[in-house]
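Per Swiss-Prot, the features are as follows:
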type    : residues                                                                   : note
BINDING : T41, R42, D106, D107, V108, L109, Y110, T111, G112, R113, T114, R139, V163 : substrate binding site
MOTIF   : 102-114                                                                    : motif 'PRPP-binding'
Amino acid sequence: MQKQVVVMDEAAIKRALTRVSYEIIERNKGTKNLALVGIKTRGIYLAERLHKRILEIEGIDVPVGDIDITLYRDDLSFKDDKTREPAVHGTNIPFDINGKKVVLVDDVLYTGRTVRAAMDALMDVGRPAQIHLAVLADRGHRELPIRADYVGKNIPTSGNERVEVRLTDVDHAEDAVIINKNE
């Protein structure tokens, strides 16, 4: 049986993203040379929300892009197991990242493997001056030496728990961060 516990509701997510937006601005001393890149899928929507808040706070339209890490993963998934053709969705970074302070955005930080793949993919696009990481939820259990620079909420979990982020933009359900516990 699976038990679900809501650890962040819509209001908590909004507050966390507002705080993270201020932290990004403060740490980067404004928005000069700043860019946001969301990791598909939910990272894209979170990057857009951070973009909107930074625009409201600073009045500056920071460039936003998204990155597909499919070909960079060490657990490559395939759209067809027979042909072993990877399910690639495409990267959309409509600006030059060279010399930019890029904030990679994702929903949950777990082992660090997704972030490693995203950094590899980003470096194939260009050479940013800095790469920072913003996540809505950090659940621990790292397998690689990667940490988030901006965290919405630290959510300690056990090995049999899973953290799920639901966003209205993609899931057609109310915004929430949920821990699914196997009992």
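Using N, Cα and C of the backbone, Cβ positions are placed for all residues, glycine too.
Worth saying up front: this structure is predicted, and the values here are computed from it rather than measured.
Secondary structure from DSSP puts T114 (substrate binding site) in a helix. The list of residues near the motif 'PRPP-binding' (102-114) in space but at least 6 beyond its ends in sequence, with Cβ under 8 angstroms from a Cβ of it, reads 24, 34-39, 42-44, 46-47, 50, 67, 69, 73-75, 122, 128, 130-151, 163, 165, 167.
Within the model, the motif 'PRPP-binding' (102-114) shows a mean pLDDT value of 98, rounded to a whole number.
For V163 (substrate binding site), the same-chain residues 6+ apart in sequence whose C-beta sits under 8 angstroms from its C-beta are V108, Y110, A137, R139, I155, T157, V177, I178, I179, N180.
The least crowded of the binding-site residues T41, T114, judged by other CB atoms within 10 A of its own CB, is T41. Around the Cβ of Y110 (substrate binding site), 19 further Cβ atoms fall within 10 Å across all displayed protein chains. Long-range Cβ contacts of D106 (substrate binding site) within its own chain (separation 6+, distance under 8 Å): G38, I39, R42, G43, L46, T114, V115, A118, L133, A134, V135, L136.
Comparing the binding-site residues V108, G112 by how many other C-beta atoms lie within 10 angstroms of each C-beta, the top residue is V108.
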